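Peer 1: Please find one structure pasted underneath; my questions will follow.
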Amino acid sequence: MLHIFLLFSLIFTSTNVLAQDFCVANTASGIVTPSGYPCIMEANVTSDDFAFSGLGVPGNTSNIISAAVTPAFVGQYPAVNGLGLSAARLDLAPGGVIPMHTHPGANELLYVVHGHITCGFISSANKVYLKTLKRGDVMVFPQGLFHFQINAAGKRPSLAIVTFSSPNPGLQILDFALFANDLPSSLLEKSTFLDDAQVKKLKGVLGGTG
């Protein structure tokens, strides 16, 4: 029995030695791999690395979408590197909208802190799932699906906190993908069924050329 106990003790000790509790990102390294950033040396990690105060500051909603997203992704919050999660603050002025977009690398969970937010996503079968949320409600948006958030009916600002299942969820906004690039207008007209005037108007608003 003693030799079995010693064997398990050796395995447990070896596992603890090899295990890594965290990997605070060395974002200054300039090296990013699919698994994240390299770690800073544990001897240089402090308690401050594990705290982030950015989500307590309201975002500036004086813009074309009357909304702001304040991220706590690995680039802003290096402690989440390798942990499979991140967060963001979502501020929506009355009428504010986060346009149709997708996160290629993560699922999203939205929690309404105050106000009312109309949220929805479209499945790969083109079925729409739509819900107006109030304070305390949550809604999940599966990875890679197009979704949006709107403060449509609210007369006051709305606030939500969102969490993601990745330190770096990625983002692609549909409107910008279509109209904030140099894809020739003639091709966009054929692929979107919009006329020339509409395409040029949207390119003008969003900064596209071509």
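Each residue, glycine too, has its Cβ placed from N, Cα and C.
Any TrEMBL annotation is an automated prediction that lacks curation.
Dumping what TrEMBL says about this protein:
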type	residues	note
SIGNAL	1-19	signal peptide
DISULFID	CYS23-CYS39	disulfide bond
DOMAIN	53-200	domain 'Cupin type-1'
BINDING	HIS101, HIS103, GLU108, HIS147	Mn(2+) binding site
BINDING	HIS103, GLU108	oxalate binding site
Peer 1: List the helix, strand and coil residue totals of the domain 'Cupin type-1' (53-200) as derived from DSSP.
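Peer 2: Counting residues per DSSP class in the domain 'Cupin type-1' (53-200), I get 25 helix, 55 strand, 68 coil.
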Peer 1: Are there residues of the same chain, six or more positions away from CYS39 (disulfide bond), whose CB falls under 8 angstroms from its CB, and which are they?
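Peer 2: Within the chain, CYS39 (disulfide bond) has Cβ neighbours under 8 Å at GLN20, PHE22, CYS23, VAL24, ALA25, ASN26, ASN81, GLY82.
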Peer 1: Sorted by position, what residues of the same chain at least six away from GLU108 (Mn(2+) binding site) have a C-beta under 8 A from it?
Peer 2: VAL140, PHE141, GLN143, HIS147, VAL162, THR163, PHE164, SER165, PRO169
Peer 1: Quick one: average pLDDT across the domain 'Cupin type-1' (53-200), no decimals.
Peer 2: 95
Peer 1: Can you tell me how many other Cβ atoms are located within 10 Å of the Cβ belonging to HIS103 (Mn(2+) binding site)?
Peer 2: 22
Peer 1: What is the set of residues, excluding HIS101, HIS103, GLU108, HIS147, whose C-beta falls within 8 angstroms of the centroid of the C-beta atoms at the Mn(2+) site?
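Peer 2: Counting only non-site residues, the set is THR102, PHE121, PHE141, LEU145, PHE146, PRO169, LEU171.
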